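Q: I grabbed these lines from Swiss-Prot:
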TRANSMEM  8-28  transmembrane segment
BINDING   His95  isopentenyl diphosphate binding site
BINDING   Asp102, Asp106  Mg(2+) 2 binding site
BINDING   Asp102, Asp106  Mg(2+) 1 binding site
BINDING   Arg111, Lys195  dimethylallyl diphosphate binding site
Amino acid sequence: MSLGLQCLAAVLFSALFSLGVILVHLPWRALKSKDPRERILGSPKELVPTCPYEYIRNIYGRHHWAPFVAKLAPNLKESDSDRYTMVLEIMDCIHLCLIMVDDITDDSDYRKGRPAAHIIYGRSETANRAYLRVSQIINKTTQDFPRLAPWVTQSLAEILEGQDISLVWRRDGLTSFPKAHDERVIAYRCMSSLKTGALFRLLGRLVLENRSMDDTLSQVGYYSQLQNDCKNVFSSEYAKAKGTLAEDLRNRELTYPIILALNEPEGFYIEKAFESGSPRDIQNAIGVIQSENVYRACLDELKQYESNVREWVTLWGRKEKLDLTH
């Protein structure tokens, strides 16, 4: 080997050796591609949840139904702490797992201003984890609190039936929806009583082990559904947290404001938006939904039901302003 080649080989060997020393002393994590969760949530210390369910529970808070339980049975925590904890675990699980799947169904990017669970963990893992957690909570309830198990399974069936009705309407548009306005409102209220009302009724049944609060909690559930529907199209704060305005319209959801807008003289814009999904038709439809007539009718409906369940509404603590109207 010539002197020149020997010198070149020596230089290359020295460079590779130096690089090896550097790599050995670098943290192994620095050599790995970044976890996609880290890009969204920040440093590794902030990446506490490795599970979609725990992630969404951190957003809402553990046992976030506790104020409702305290109102229904002020002494339950002291008199039967095991059942108290189990009720809260059941409510967390059913509510949050429904949210996880609902965000996938709606193709939502955000939940309460944070990335939706499926954006971080993927649709498959998020959906499967929701099914797993619900299965686990049903099994645990059956084994440890068998008297509560029928309430859980019956209410869950009602919730999913309501969700199924809503999804069929979304799939078929107006073809499977009643034609007359009054019938449409009735259909919406029935769907809401299943989809959301059953969740609130479940709480009362678990705490009291009877149906004595069904009527009241059904009204609380309807108010909650109605409030969410209205925030979706009338609240700038809610739109910011969700990352979009009128997500329900874009998903062809038949919500209360949209049903009212269909009955307006320019309601054909809603139908066009459902059919085409084009930005122009969506914008025209939003104009109809945010019209004074629809806005006032929604406020009247909210006030009517709030007057019956004001104490419960205060516990729910939803305060976004309905500030978007034409």
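Here the Cβ of each residue, glycine as well, is placed from N, Cα and C on the backbone.
Help me see these features in their spatial surroundings.
A: Under the three-state DSSP scheme, His95 (isopentenyl diphosphate binding site) falls in the helix class.
When secondary structure is read from DSSP and collapsed to three states, Asp106 (Mg(2+) 2 binding site) falls in the coil class. Residue density at Asp106 (Mg(2+) 2 binding site): 16 other Cβ atoms are found within 10 A of its Cβ, drawing on all protein chains shown.
A C-beta separation below 8 Å, combined with a sequence spacing of at least six in one chain, links Arg111 (dimethylallyl diphosphate binding site) to Ile56, Ile59, Ile99, Asp103, Ala117, Lys242.
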Q: Using C-alpha atoms only, work out the spacing between His95 (isopentenyl diphosphate binding site) and Asp106 (Mg(2+) 2 binding site) and round it to an integer in Å.
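A: That comes out at 16 Å between the alpha carbons.
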Q: Do you know offhand how many angstrom separate Lys195 (dimethylallyl diphosphate binding site) and Asp102 (Mg(2+) 2 binding site) by C-alpha?
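A: One finds 11 Å between the Cα atoms of these residues.
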Q: Does Asp102 (Mg(2+) 2 binding site) have same-chain partners at least 6 apart in sequence with Cβ under 8 Å from its own Cβ, and which are they?
A: Ser108, Gln163
Q: On the three-state reduction of DSSP, what should I expect for Arg111 (dimethylallyl diphosphate binding site)?
A: strand
